[in-house]
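Shown next, in structure tokens, is the structure this report addresses.
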Amino acid sequence: MAADVSVTHRPPLSPEAEAEAETPETVDRRTPEQELPPLDPEEIRKRLEHTERQFRNRRKILIRGLPGDVTNQEVHDLLSDYELKYCFVDKYKGTAFVTLLNGEQAEAAINTFHQSRLRERELSVQLQPTDALLCVANLPPSLTQAQFEELVRPFGSLERCFLVYSERTGHSKGYGFAEYMKKDSAARAKSDLLGKPLGPRTLYVHWTDAGQLTPALLHSRCLCVDHLPPGFNDVDALRQALSAVYTPTFCQLASGQDGQLKGFAVLEYETAEMAEAAQQRADGLALGGSHLRVSFCAPGPPGRSMLAALIAAQATALNRGKGLLPEPNILQLLNNLGPSASLQLLLNPLLHGGASGKQGLLGAPPAMPLLSGPALSTALLQLALQSQNQSQSQSQKKPGILGDSPLGTLQAGAQPSNSLLGELSAGGGLAPELPPRRGKPQPLLPPLLGPSGGDREPMGLGPPASQLTPPPAPMGLRGSSLRGLPKDSGPLPTPPGVSLLGEPPKDYRIPLNPYLNLHSLLPSSNLAGKETRGWGGSGRGRRPAEPPLPSPAVPGGGNASNNGSKAFPMKPRLLSPIASNRLPPEPGLPDSYSFDYPTDVGPRRLFSHPRESNLGAHGPSRHKMSPPPSSFSEPRSGGGSGGPLSHFYSGSPTSYFTSGLQAGLKQSHLNKAVGSSPMGSSEGLLGLGPGPNGHSHLLKTPLGGQKRSFSHLLPSPEPSPEGSYVGQHSQGLGGHYADSYLKRKRIF
């Protein structure tokens, strides 16, 4: 159904009548988008000459029919009268691609060598076909040549660039051509310029066939009419409005496949002159309350093809910068990211917005709530709960590497713990099947930072922070010593200010070295001496001491029976240099855990070696390794006599050439004379000196030049020719060892 619109147009008038008809009413009826001032004839001539020169500036020629053995030099000699910028010869196809100085030389070369002969072969010379020519349409009429070059130059090297001007007025017709040296540059320019807004217009870019583009075809016969009234669909009214001078041969409104109008129309005239006259009369014409904007389309295609091209170009321009799928909303994005990533994404700008510490000109901002919007607060809360539920369910379903997760044993009604490590228990590690204590859950991590329970007092660690119900020992660990023992589950008061490592010894001598100072290793609150408290507390008395389990004595003279009752004993000398006897374990405490192994199996068995017969009379103990002599540590008030040196420790560089026992004895006498310890300053760092029955030297790696010696792995070096004398110019043991190594290295 045709819309009820009013069309206002003027019949063709002579120049004299046209001047007389310029009335305010006529000016109001025709309001073009942009009025351009008239140009003088000289400026019109210059613009037209520039367009013609650029249009003919095709300087690339193609030579066909060359002999198969032609060389590049022969082509240069053939075109010696011209200035060659580029020449490529394809011997297999017998062609040459040549770029000359300008289009005039290219035309002259074509006229001279076309259908000429070279070695009795006829040549064919013509312009190279190009596929990098673009037509940029819907430009503002006031755009100059320099501005157009600036618009298209950033995408690549230009071969030609020019605007098309009207032969009557000299003004731009609103489109121009740009030819690039490479096709990929032209494709990039088309992709970036299509749909780009330039002033009040939107650019349209089309590929152009340079072979079909002639000087006569530079001027378009098609017009594009936009700024139509909303919902305008009367084709006859539009045809009548633009038939004031000439009647168009084609007039159609643009519509999509669904029949929806696109808001513009395309008209085609018989000649370019008719189209130009219709454009000048119809531009700014009032139609249905709107002023039409009439512009030139790209030249070449007919009106029907141009209409389809403009519809496709408009769709591309509207979807500029968008993907094929619709943009997802914020909820879909957060759902795809997951709860943890969503929380981090939402909270980062809120938490770190003022992390820089910079304040505005008016000072610090007032205190504002973290989440001002209730919807955002609710969303974050739901995400947090969902993330927590997922993490808990995953941790309960998936067993850990060492067995079931400790989270799986937590009851549903248990309250969350306030501490990450929980409360220290009275014993060692927790069994996986430990039931939670009433009111408080079990700690998530066992107290692996140090011993607890009965081991704390002799080590100088102080009493434990609190006590939980001791867990039942696994069947593989508990033995007959646990049967029949009563359970103890009474809580103890938590002493204030006690760290995980407990209290340091009161008579500990702080080293003078600032890097080994105790202040840099332990908290300052633990440096002050405190009263040593046992397991007893208010309302609870100390249990009577029970005799320790009997075990064979150590050859070194120390009593290691209590230490041998545990799988991995913590020595009393580990954190204190004071010699003291270990308190017997109390019943029901994890201190009474033990292995049910024979008396001939102990920690020394872990380090056993077939090289035991070399020690002679100093036979190794069947239960524990012999500690080093007392000369390896500081004098102690209550220590036992030192035993023979273990064959696993060699304390000096001489152990490279002698057995461990002999080298250790030599080094011990040397240390007595010098007054230093072979273990270095680290021996007294935390009281790690080995006691009479301690094996702290097993917990260390030998320092720099101190290595374990095994005479059966490396051959014994030859004795030094200089004996034990080391003079000023003597090579000593090091030089002799190097010579011996060079002699014997081939056996490896």
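Each residue, glycine too, has its Cβ placed from N, Cα and C.
Now, the feature entries from Swiss-Prot:
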DOMAIN    59-130  domain 'RRM 1'
DOMAIN    132-210  domain 'RRM 2'
MOD_RES   ALA2  N-acetylalanine
MOD_RES   SER6  phosphoserine
MOD_RES   SER14  phosphoserine
MOD_RES   THR31  phosphothreonine
MOD_RES   THR469  phosphothreonine
MOD_RES   SER480  phosphoserine
MOD_RES   SER576  phosphoserine
MOD_RES   SER626  phosphoserine
MOD_RES   SER630  phosphoserine
MOD_RES   SER716  phosphoserine
MOD_RES   SER720  phosphoserine
REGION    1-42  region 'Disordered'
REGION    390-505  region 'Disordered'
REGION    525-647  region 'Disordered'
REGION    672-731  region 'Disordered'
MOTIF     45-60  motif 'Nuclear localization signal'
MOTIF     743-746  motif 'Nuclear localization signal'
- Item | pLDDT averaged over the residues of the domain 'RRM 2' (132-210) | 94
- Sequence-distant contacts of the motif 'Nuclear localization signal' (45-60), meaning Cβ under 8 Å and at least 6 residues beyond its ends, amount to 39, 85, 97-103, 105-107, 127-128, 130, 145, 159-165, 167, 170, 177, 210, 213, 215, 218
- According to DSSP, folded down to helix, strand and coil, what is THR31 (phosphothreonine)? coil
- Which residue counts does DSSP yield for the domain 'RRM 1' (59-130) in the helix, strand and coil classes, in that order? 18 helix, 24 strand, 30 coil
- Item | Helix, strand and coil totals (DSSP H, G, I; E, B; other) for the domain 'RRM 2' (132-210) | 23 helix, 30 strand, 26 coil
